[in-house]
Amino acid sequence: MPKRTDLKSILIIGAGPIVIGQACEFDYSGAQACKALREEGYKVILVNSNPATIMTDPEMADVTYIEPIMWQTVEKIIAKERPDAILPTMGGQTALNCALDLARNGVLAKYNVELIGATEDAIDKAEDRGRFKEAMEKIGLSCPKSFVCHTMNEALAAQEQVGFPTLIRPSFTMGGSGGGIAYNKDEFLAICERGFDASPTHELLIEQSVLGWKEYEMEVVRDKNDNCIIICSIENFDPMGVHTGDSITVAPAQTLTDKEYQIMRNASLAVLREIGVDTGGSNVQFAVNPENGEMIVIEMNPRVSRSSALASKATGFPIAKVAAKLAVGFTLDELRNDITGGRTPASFEPSIDYVVTKIPRFAFEKFPAADDRLTTQMKSVGEVMAMGRTIQESFQKALRGLETGLCGFNPRSSDKAEIRRELANPGPERMLFVADAFRAGFTLEEIHEICAIDPWFLAQIEDLMKEEKAVSDGVLSDLDYAALRRLKRKGFSDKRIAQLLDVKEKEVREHRYVLNLHPVYKRVDTCAAEFATETAYLYSTYEEECEARPSDRKKVMILGGGPNRIGQGIEFDYCCVHAALALRESGFETIMVNCNPETVSTDFDTSDRLYFEPLTLEDVLEIVRTENPWGVIVHYGGQTPLKLANALVENGVNIIGTSADSIDAAEDRERFQKVLNDLGLRQPPNRIAHNEEEALVKAEEIGYPLVVRPSYVLGGRAMQIVHSAEQLQKYMREAVQVSEDSPVLLDFFLNNAIEVDVDCVSDGKDVVIGGIMQHVEQAGIHSGDSGCSLPPYSLSEEIQDEIRRQTKAMAYALGVVGLMNVQFAVQDGVVFVLEVNPRASRTVPFVSKATGVPLAKVGARCMAGISLKEQGVEKEVVPDFYAVKEAVFPFIKFPGVDTILGPEMRSTGEVMGVGASFGEAYYKAQLGAGERLNPTGKIFLSVREEDKERVIKTAKNFQALGYGICATRGTAQYLTEHGLIVQTINKVPEGRPHIGDALKNGEIALVVNTVSSDPQSVSDSHIIRQSALQQRVPQYTTTAGGEAMSEGAKSRDHLGVYSVQELHGRLKNRS
């Protein structure tokens, strides 16, 4: 059956901001779906609140709305655009829940819109824990013993039936939000309370624990004629009890017999049929008891998921693209497989002749108070994938791709008690402690007994440890061609071999080159080399035949950003994708190097050639040797490729764009100071210190408060504001080992200054400003965590012109070719330069969406020698509307972590709001970030002494909107003196009823809480912020944020929806 002709336009719902449990894999699937449906002639309408996505580029859909993903907003878009159908399976849990809300609130019926890809009933049956269990029993598959509960009494009764440890799973959530494993009654009550809050239907599944069972996933695609194929099987290295998003996973499954695999395959197809997923991709999770082989179904997702992005990258089969086409009526046998150039139909099950390993990336260093033990609630922020011909090779490649300083199984501890603890209670580095256990003399049986990891995986690591021991007992010259090749085939990096031999990495590399030992590159082709493939999707391995077949065209190689993490996220991937697209359009052959399976950059048709490899010097140099590119771009992948810049230049690689020396001039304090002095620009007073005594002496010279940080950081890692010599001493003792042979930087902190971000692009001759963004939060909050407005909402034209002049002067002085980002602080009308980054910044996608100028593309062409004039980019575009970017935080996943913002970045994602006024844009950005302001209730204010004057306007704005105002004693007294009617409310230590009670009783609509720097007032008010977080009450830890929300709330009853195409069209007509 060919495609449906009764549908003309289709609305795709995106996944919104990047949060833990839902990352950029949905940008990848949504972008594929847009392309697939437009290819077939459908009009595609897209809604997604995240500006840092490729799918929200104006070219991806016919009409694009960067608006909050909530049913009320989507209804306005439906009323305006009148789509025939909605495809809700491309945007993760957010899109599914939004689609169900549209159905429940009668919107789909009112406008006669059909759900395609998954019916309301199928979504409900898969996501509703009780219905799912009934469905499984009906087809003879068992689930863990479990009970669906809607009240705490029901939950307690269910727990008695299933016993401890007990698993708690909320309905309709993703990333295991709100769930957990309870080992006693107190834990059980706490997790249930959290779970009821997290579930939109106030429903929990109380389930028997299958801790220690083996976990598997099947990625399945089905069409309307009931053709079903398995894309790939995935096995978890970690047994049940760790969320699959936090587990190391391996594809294809390694420890199933063929018979077991066939049983699981048949079961997964039966699950899809019973749930009613008629078309598209789904993933089904199983647990197998290692004692007797008993198999149970854990859950299924009736949509493309994190696992399907992994399966797509692991096999080369574009699940999201195929699922989108199946949703409009195609069948699998009618679709061709792109990767084989159409030689095979999409109904061929992929077959793979290599092993894929995925390892999650965590960011616990950003949340020291968080519990870093892994359970059923997901905590990782990114992931890395590697391919090899053996499990050992792909595992070790994945470890070095993580960029946590590993180059293999680096030792972590030799203390047997600590090793035992780490094996028994999984944390982010359990696999390293397995290796340590073998080093410390544990037997395979003992290790298996403690951690329940399958003995087959343990045997692989044991073998690697024997190899390590043999290497460290010898010297480099012992490693002849055969010996070194054996190590390389098992995935050992030059750097790890160097550590074992106590020599430099360079010596091992030179020795290997003398032996003429190099990797070859194999192709990912979905068919285990049965058919020839034109698609250059490659991974390295140490074998005989190389399948790279490089061309002799003029090539540019783009180094990607590696795994997502806080401080380096999807924004950098966005820039890499744009570089590849722009340079392809300009006639270059583009080569992408990256190892992040969630991203658009690792899609095989984004660039001409894709190398799925770790971003280490060894791996990059080998690709350069094979491809011999004309130029390499290191400026677009964040800190990851920048760290390689100098070493690449030393090895004769041509880095195009801003030179490595200029990057160093901007990053190196002393050199940068000289640049600013020569230009006559101001910096906050600053000093450099190499040790504690020097720091204390220099701090006295400048005066407190100070911002202290190590040099060369991204995301404000280990950056703090200190107010006294005691705090500085503590910082120097606890945080200073952050960067090797790098001193600590001390800057005078500009209190209550306005921070400003500027992105610009230069071709070496001309400089064009991309956008000037005024931060909402004052200087001292990391720029990645601050809301910002383009154009500025309160900076005078004179100040903006001065900022433009200074930006251009620095771009010329540093010899920038490509993109540059500058952060300024404005205090009492004086402009200070805080820092300059001559590279792509995280605001580039936002600026591009707000102005219609694709900065990353323009910058990439500049690097390749195409001038701004030739590109027709000669003047700054200032929008005639407001665009506001807001950060999204993962605090709800880390109970106990304080929500106070500071100079260390902690947000995982961002949203954008657009409006005719700053207030409207800011309010929509807050909605996009998940903040919901109740239309009634009280506004609670509790601010430090210096903020009291600033909070008067906020109180007046909210009072005018009909809210009551309540405040703690000092703030209430101050506001009353200034003519406001305020109810005084107790702080928690002052006795009951206190603010914690008012929050729990649902009396408070919004919290503004700022604290002075002394630890006592921070800990006294911690409970206010925690209660607000748990009750989902919007809270602001800066007066600026509270004031902006009070302005925004004025326009909440008349919010418009604006498409990117109509906004950009307006700007083009104006110019």
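Even glycines carry a Cβ here, placed using N, Cα and C.
Sequence annotations record features per position, and here Swiss-Prot assigns region 'Carboxyphosphate synthetic domain' to 1-403 based on sequence analysis. The average per-residue pLDDT of the prediction over the region 'Carboxyphosphate synthetic domain' (1-403) is 91, rounded to a whole number.
In sequence order, E235, N236, D238, P239, M240, T244, S247, Q285, F286, A287, V288, I298 make up the list of same-chain residues 6 or more apart from E215 (ATP 1 binding site) whose Cβ falls under 8 Å from its Cβ. Per Swiss-Prot, ATP 1 binding site is recorded for R129, R169, G175, G176, Q208, V210, E215, G241, V242, H243, Q285, E299.
If you look up Swiss-Prot, you'll see 133-328 marked as domain 'ATP-grasp 1'.
Residue density at Q285 (ATP 1 binding site): 21 other Cβ atoms are found within 10 A of its Cβ, drawing on all protein chains shown. Annotation comment: Swiss-Prot describes Q285, E299 as Mg(2+) 1 binding site, evidence class sequence analysis.
Residues within less than 8 Å, Cβ to Cβ, of N301 (Mg(2+) 2 binding site) and separated from it by at least 6 positions along the same chain comprise A126, S282, N283, S307. Feature annotation from Swiss-Prot assigns Mg(2+) 2 binding site to E299, N301.
According to Swiss-Prot, the region 'Oligomerization domain' annotation covers 404-548.
Annotation comment: Swiss-Prot describes 549-930 as region 'Carbamoyl phosphate synthetic domain'.
According to Swiss-Prot, the feature domain 'ATP-grasp 2' maps to 673-864, an assignment based on sequence analysis.
Marked as ATP 2 binding site by Swiss-Prot on the basis of sequence analysis: R709, F748, L750, E755, G780, I781, H782, S783, Q823, E835. Secondary structure from DSSP puts H782 (ATP 2 binding site) in coil. Over all protein chains present, the Cβ of H782 (ATP 2 binding site) has 20 other Cβ atoms lying within 10 Å.
Look at Swiss-Prot and you will find Q823, E835 tagged as Mn(2+) 3 binding site. Within its own chain, Q823 (ATP 2 binding site) has E755, V756, D757, V758, S783, V833, L834, E835, V836 as residues 6 or more apart in sequence whose C-beta sits under 8 angstroms from its own.
The region 'Allosteric domain' annotation in Swiss-Prot covers 931-1071 and is backed by sequence analysis.
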Original post:
Is R129 (ATP 1 binding site) helix, strand or coil when read with DSSP?
Top reply: helix
Original post:
For the ATP 2 binding residues given in the record (R709, F748, L750, E755, G780, I781, H782, S783, Q823, E835), what is the largest pairwise C-alpha separation in angstrom?
Top reply: 18
Subject >> Densest Cβ neighbourhood among V242, L750 (binding-site residues), 10 Å radius >> reply: V242
**OP:** Please name which of the binding-site residues listed here, R129, Q208, V242, E299, is nearest in space to L750 (ATP 2 binding site), Cα against Cα.
**Re:** V242
Original post:
CB neighbours of R129 (ATP 1 binding site) within 10 A?
Top reply: 24
**OP:** Compute the C-alpha separation of Q208 (ATP 1 binding site) from R709 (ATP 2 binding site), stating it in Å without decimals.
**Re:** 48
**OP:** Ten-angstrom check, please: count other Cβ atoms within 10 Å of the Cβ of R709 (ATP 2 binding site), all chains counted.
**Re:** 23
Subject >> List of residues, in chain order, with Cβ under 8 A from that of E299 (Mg(2+) 1 binding site) and at least 6 apart >> reply: A126, F132, R169, V284, Q285
Original post:
Around E835 (Mn(2+) 3 binding site), how many other CB atoms lie within 10 A of its CB?
Top reply: 14
**OP:** Quick one: of the binding-site residues R709, G780, H782, which has its CA closest to the CA of R129 (ATP 1 binding site)?
**Re:** H782
